[in-house]
Amino acid sequence: MAAGAAEAAVAAVEEVGSAGQFEELLRLKAKSLLVVHFWAPWAPQCAQMNEVMAELAKELPQVSFVKLEAEGVPEVSEKYEISSVPTFLFFKNSQKIDRLDGAHAPELTKKVQRHASSGSFLPSANEHLKEDLNLRLKKLTHAAPCMLFMKGTPQEPRCGFSKQMVEILHKHNIQFSSFDIFSDEEVRQGLKAYSSWPTYPQLYVSGELIGGLDIIKELEASEELDTICPKAPKLEERLKVLTNKASVMLFMKGNKQEAKCGFSKQILEILNSTGVEYETFDILEDEEVRQGLKAYSNWPTYPQLYVKGELVGGLDIVKELKENGELLPILRGEN
């Protein structure tokens with residue numbers, strides 16, 4: 001009986017192996033909610049989230065659940081800008097309506113239930129959701145001293161106004177973090193009401209709305225922009241500080257809890273086996289550091305391991321040092 005139930009749960013989560021199959025599924029499931037898990041077999045957190053999906057599939061038979069190996073169908077992953085696993089996309093009427101990055105089972109459950117209900121919540125539930133959203137928006141607007149809510153990313157703006165805003169901030173060497181409103185429809189709509197500002201991009205400093213592109217242009221013209229927004233340290237200075245942040249620093253895809261590529265996962269396992277304390281930096285979260293560190297250390301790939309600010313090397317070198325018995329003395333600063 002238990003085995004049969006497990007098989008039914010697995011069967012409820014379809015697997016997609018090609019771009020053509022994915023497009024066909026979007027058409028076939030257009031009238032229902034489609035939840036797609038972009039996963040990788042090397043990431044244990046993906047296996048856990050597959051189990052969560054299987055449980056949700058049993059509870060919500062009207063929802064279609066699909067898993068797609070991100071590296072196995074790269075054209076689909078690139079189209080939807082999947083840069084890490086696990087990532088979940090939500091579709092209705094063949095259109096993407098929401099996104100969730102990371103292994104967050106409670107958030108996945110909440111999003112699936114909300115989209116599956118299509119506005120059929122009781123008023124009390126709606127009020128509760130509104131309260132949750134406002135709390136989330138407050139956290140997002142305070143996520144960095146200067147936060148830009150835009151269409152796309154600073155590297156790939158997806159509208160002319162967002163592109164101009166990024167250019168102005170870069171021109172004035174302003175340090176900012178960004179949020180892609182296309183990645184989360186709930187935030188996109190909710191922030192308009194939260195700040196009584198109907199358009200994007202929106203710039204916040206210390207959680208307070210400064211304004212959109214026109215306001216920023218006015219502040220630039222009146223030379224007030226430089227006094228309002230925090231300045232970014234020069235990249236080389238920043239990289240020097242980062243590489244010296246801890247005695248042993250690993251620059252990787254992901255973090256200690258969630259490696260987001262096979263090479264990073266392997267180097268974590270090696271470092272963990274030494275018992276030496278180390279810190280990590282997720283290069284997927286900062287494109288400037290990701291590109292700048294390659295030139296700074298003349299090393300083109302990741303992960304990169306540093307001891308006392310000096311580059312040791314990547315995975316292959318760390319493997320060699322371990323085999324030769326040299327890794328531990330280097331990590332301890334004895335060499």
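Glycine too: its Cβ is placed from the backbone N, Cα and C atoms.
In Swiss-Prot, the feature phosphoserine is assigned, of SER18, SER83, SER117, SER124, to SER117; the remaining candidates carry no such note in the record. Residue-level annotations in Swiss-Prot identify, among SER120, SER162, SER183, SER120 as phosphoserine. Considering only the binding-site residues CYS159, CYS261, the Cβ with the fewest other Cβ atoms within 10 Å is that of CYS159.
Secondary structure at SER117 (phosphoserine), as computed by DSSP, is helix. When Cβ atoms from all protein chains are considered, those within 10 Å of SER117 (phosphoserine) total 13, not counting its own.
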